[in-house]
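Colleague: Here it is, the structure in full.
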């Protein structure tokens with residue numbers, strides 16, 4: 001193999017292309033992925049449980065009586081305090097995850113969420129309920145950031161994108177559980193109709209703690225801490241099924257170590273490194289906008305305020321409302337899993353574009369249908385609104401559900417990865433909290449006209465993605481750190497009939513150096529000794 005070929009295609013890509021064995025036929029990798037399901041993938045189930053549970057509680061008579069029939073701003077506070085708690089954790093996430101590891105970040109977040117769920121179930125007044133939800137929100141982000149990073153850094157290169165896509169898809173499991181539990185507890189003729197779902201919100205966190213030490217730590221985190229032999233052994237065990245003579249784990253190890261050294265040479269410390277170069281500033285802009293896009297594209301209307309929408313189109317029976325709630329959640333889960341299995345195979349930028357354009361079409365039709373319903377009051381227009389609500393899920397899952405964490409792990413280098421995902425979370429949670437406050441007020445006062453706000457915002461999303469989102473498919477995480485390939489480096493030219501994706505990465509010389517390191521491993525006569533490279537600089 002010539003060095004030129006390696007630089008053009010990438011050593012890791014060439015090696016995994018020749019690997020025809022599927023992951024379920026590899027015992028070590030199969031056991032790893034099965035343990036990652038309860039430990040990492042179920043993290044987002046807590047968020048799904050919370051959204052669908054709070055949606056369903058708005059139909060529970062005893063919950064409404066206990067909290068004095070909340071609506072408008074008061075209802076917005078009860079829903080939004082979850083995201084308020086998430087915002088309070090942002091300054092501490094990268095400190096925890098980068099210093100004690102991805103696993104302990106998930107464990108700490110899970111313990112905090114368990115405390116929040118218990119407090120929520122024991123609430124005796126509105127302030128206690130609000131504080132309990134702030135606890136829940138504070139804990140979830142530790143687990144999300146640690147889990148997303150661990151999936152991307154531990155998974156086999158062949159399945160890395162698939163695992164990242166499934167991370168958000170498991171939101172639907174929590175959504176179905178939360179909605180289904182409320183369907184049954186609505187029949188309980190006392191306060192346990194809402195206290196029981198509150199306690200059960202701790203279940204995903206219990207799973208994460210039980211399975212915490214069945215999963216190894218991130219090899220990249222271990223190398224960053226000088227624990228090189230542990231990292232190499234993990235790569236050999238899971239990416240080569242314990243065969244130290246295979247090239248893949250050694251090439252990965254050499255790339256990771258070299259990339260971390262090059263990153264560490266030029267980086268600043270703290271949050272300043274998020275803005276230290278033009279490339280990092282572009283990454284930060286992408287992370288911030290993706291946070292806004294994923295949480296302010298109208299999805300919160302369905303996930304948190306479906307009941308008020310159903311009331312407006314004439315569906316006022318509480319039992320019917322909670323059944324529609326579980327129906328939308330189950331549909332969203334099925335579509336989320338399906339899209340997570342398909343979408344990562346296609347270019348990221350094209351799928352984000354298709355997602356935003358589809359959402360724009362759905363929301364435009366939804367606005368028209370709801371306007372006709374309010375004007376004419378016909379059942380047909382109400383059914384059209386329901387159709388648009390169900391069509392929203394496949395449109396959203398095309399990009400924002402399936403690719404968000406895949407893309408975030410790809411665009412942010414190791415040393416800023418947890419900061420980058422935390423940065424994304426800050427903007428996403430702020431957008432969600434803003435929407436949680438504003439949505440019930442907008443629906444109550446502006447009615448169907450409020451939907452026009454989202455139509456206009458979705459137009460902006462399409463334009464931004466077209467001009468600013470780079471393509472990242474087909475590269476390892478280390479190669480993307482210094483990417484300057486033809487897939488992501490050419491600048492946009494208005495005169496081109498088929499303009500290429502915009503650039504976000506920098507460092508062509510460093511990319512060549514990284515490729516040369518990989519080639520050196522492939523050419524080395526004794527593959528078991530190639531991990532003896534210089535120690536990381538202080």
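Heads up, the Cβ atoms here are built off N, Cα and C, so glycines get one too.
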Colleague: Pick from 265-283, 303-321, 322-340: which stretch is listed in TrEMBL under transmembrane segment?
Modeller: 322-340
Colleague: When you get a sec, could you say which of 227-245, 246-264, 284-302, 417-435 is annotated transmembrane segment by TrEMBL?
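Modeller: It is 284-302 that TrEMBL describes as transmembrane segment.
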Colleague: Counting only pairs 6 or more apart in sequence, are there at least 3 Cβ pairs under 8 Å between the transmembrane segment (130-151) and the transmembrane segment (450-469)?
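Modeller: Between the transmembrane segment (450-469) and the transmembrane segment (130-151), which are separate recorded stretches, there is no contact, as judged by 3 or more close Cβ pairs.
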Colleague: What stretch of 75-97, 104-124, 284-302, 352-371, 383-408 shows the most Cβ pairs under 8 Å to the transmembrane segment (199-215)?
Modeller: 104-124
Colleague: Taking the transmembrane segment (450-469) as reference, which of 75-97, 352-371, 383-408 has the most Cβ pairs under 8 angstroms?
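Modeller: The listed stretch sharing the most Cβ pairs with the transmembrane segment (450-469) is 352-371.
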Colleague: Given a Cβ distance threshold of under 8 angstroms, which distant residues of the chain, six or more beyond its ends, lie next to the transmembrane segment (352-371)?
Modeller: 293, 297-298, 312-313, 381, 384-385, 387-389, 391-392, 394-400, 403, 407, 447-449, 451-452, 454-455, 458-459, 461-462, 465-466, 469
Colleague: Mean pLDDT for the domain 'Major facilitator superfamily (MFS) profile' (36-473), rounded to an integer?
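Modeller: When the pLDDT values over the domain 'Major facilitator superfamily (MFS) profile' (36-473) are averaged, the result is 89.
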